[in-house]
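**Q** Quick one: the structure is below, questions incoming.
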Amino acid sequence: MANIDSDARLDLQTPVPAPSYRRREAARAMRSLVASRWALVGLIVLLVAVFVAVFGPWLAPFDPNRQNIMARLLPPGAEGQGGAVYWLGSDHLGRDVLSRLLYGARVSLTVGIASILVGGTIGTLLGLVSGYFRGWVDDVIMRLGDIQLAFPFILLAIMFLVVLGPGLMNIILVLGIGQWITYARIVRAQTLSLREKEYVEAARAMGDGTASILFRTILPNIVAPLTVIASFNVASVILSEAALSFLGLGVPPDVPTWGSMLSESRDHLLSNKWWMAVFPGLAIVFVVLAFNIIGDWLRDFLDPRLKERG
Amino acid sequence: MWTFLIRRLWQSLIVIIGVTLISFISLQMGGDPTYLFVSENASAEEIQRAREALGFDAPLHIQYLTYIWNAAHLDFGNSLSYRQPAMGVVLEAMPATIELTFFSLVLAIALSIPLGIYSALKRGTPADGAIMTFAMLGQSIPNFWMGIMMIMFFGLYLGWLPISGHVPFLEPLFEGNFAEAFGNLPGSLYYMIMPAIAVGSYTLARNARLIRSSMLEVLSQDFVRTARSKGIRERQVIVHHALRNAWLPVVTMIGLEFGFLLGGVVVVETVFSYPGIGRLVFNAINQRDIPVVQASVILLALVFIALNLIVDLIYSRLDPRVKL
């Protein structure tokens, strides 16, 4: 009897928690966030980035694509005609660097988050199916993943994008599909162990359908590790997007991105137009760093056992 | 040993077939692939001739078989801008890329091991904090931006290091000209310092973190305590007992690391105008020279697969627990 009791108590932890438990968890998260100052800084940086991405058009002092031959390559803080100030300087076509930077946040964050949604959704679905049904379905899905992993990802992206041509949708799809296997592997491993748990057995005995078991019983219990992976993943996808834009494979040329700004800055290094290279790079570093720090914090918070291992 | 080797070779073969299938699909994604193989101002007749010559008028499965047949002969069509076989163009750029990839890997490993160990031994001290902060930064800075910043600071401002160029080492070596090759080596390394740091920074940062955490785990285990209680010197314990176990996960990662490095090389070469496959791909992208892009990507994928196979074999030697 005692045995059953302790099992029941253990399993109370695993199904979706009650609202009051959630509130307590949220409070604990807040306290932990404030305690680890870096995570708080990371969160603030992210909030600023999101704010800029949403309200960029209203914040930008100039139209990011407006060219002005009279205002080419102005250093930061220079005044243009009519007293307009180029706070971060202007580029080789006389476009305002600050305005382009603000618009660029939109592309970076959209691509980062949308790709993760695409890759995360595909990977989670395939991982659930793989781990729950096992057998040949599992074999096929996992071998496909092996093939993909045996291929340096950025090369794969280059090959597809060069044929498909630039475009926001194309880059989101290519980067998203590049990520699915990461999620599929984790979800599969978790599902393999969860499917043997008593509460999954119970759901099955109660006559729940497969879909209900997968999405209502198993999935909510895998969300924590997925969130951690997703946070690191957004960081690496933003880096990939910047690299692809740098190569001229990202979004169309009339959309300002941090990567393409850096690509353009290359031709003006020798004449020491440093502001064209420094600011877009710093923007990328801040956002990527913020996601990485938040990822670290989430991992420690959701799984304190890992903290010891740094 | 032999069964392991045969199984791994078989797996690699499946992966290679997968790679050709993916690259074939990528060609078909944009509609009639003929247009990717002719210049933009080709006449209708020229296009038709190219379509027949390349076999794009045949059914898809025949096209795929032709594609594999050609790929097996390293034939990816003629480069549109160089007007000679694409694979030849790519192979010429290959040695420079191998030099850079290898140098940055060596640099990353050589630095990450001492940094990781030091960090683990000094856990919680400011030194540990500083190393881990740098590691975090190293994982967050885009390699090509790091390249640009180094060019600006060490190249242009301080004038210490060359901002572009390359001295060949492997090329004379392959030609059997050893005197020239080793005479070139110092210059070759000198020109590669900045690109190699840019390419290797991510790997260096990640490995330092990995070694630190796996070192921390090993140091708390019984056999380390036993070794210490036997009175073995601390240095001996760390090198012979702890490190031998701590760096196994790093070796596992090295195979995958090549993928990151090759991807990084493609972008960083462009920054430094380094005459390897990366710069070739960059120019080919801008000229829409698809045969060169395809040949480069597939060649790099083959190199990656081969390196992974080698790493697996080495790994099984290093860790006797892995059965062949």
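A Cβ is built for glycine as well, from the same backbone N, Cα and C atoms used for every other residue.
When I checked TrEMBL for this same protein, it listed these features:
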- B:12-31: transmembrane segment (TRANSMEM)
- B:94-311: domain 'ABC transmembrane type-1' (DOMAIN)
- B:100-121: transmembrane segment (TRANSMEM)
- B:142-163: transmembrane segment (TRANSMEM)
- B:188-205: transmembrane segment (TRANSMEM)
- B:246-272: transmembrane segment (TRANSMEM)
- B:292-315: transmembrane segment (TRANSMEM)
**Q** Do the transmembrane segment (B:188-205) and the transmembrane segment (B:292-315) come together with 3 or more C-beta pairs under 8 Å, pairs six or more apart in sequence?
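**A** Judged by the Cβ rule, the two regions do not touch, with the required three close pairs absent.
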**Q** Check the transmembrane segment (B:100-121) against each of B:12-31, B:142-163, B:246-272, B:292-315 and return whichever range has the most CB pairs under 8 Å.
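**A** Ranked by Cβ pairs under 8 Å, first place goes to B:246-272.
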**Q** Is the transmembrane segment (B:142-163) packed against any residues at least 6 beyond its ends, judged by a Cβ distance under 8 Å, and which are they?
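**A** Sequence-remote neighbours of the transmembrane segment (B:142-163) are 190-191, 193-195, 197-199, 201-202, 264, 267-268, 270-272.
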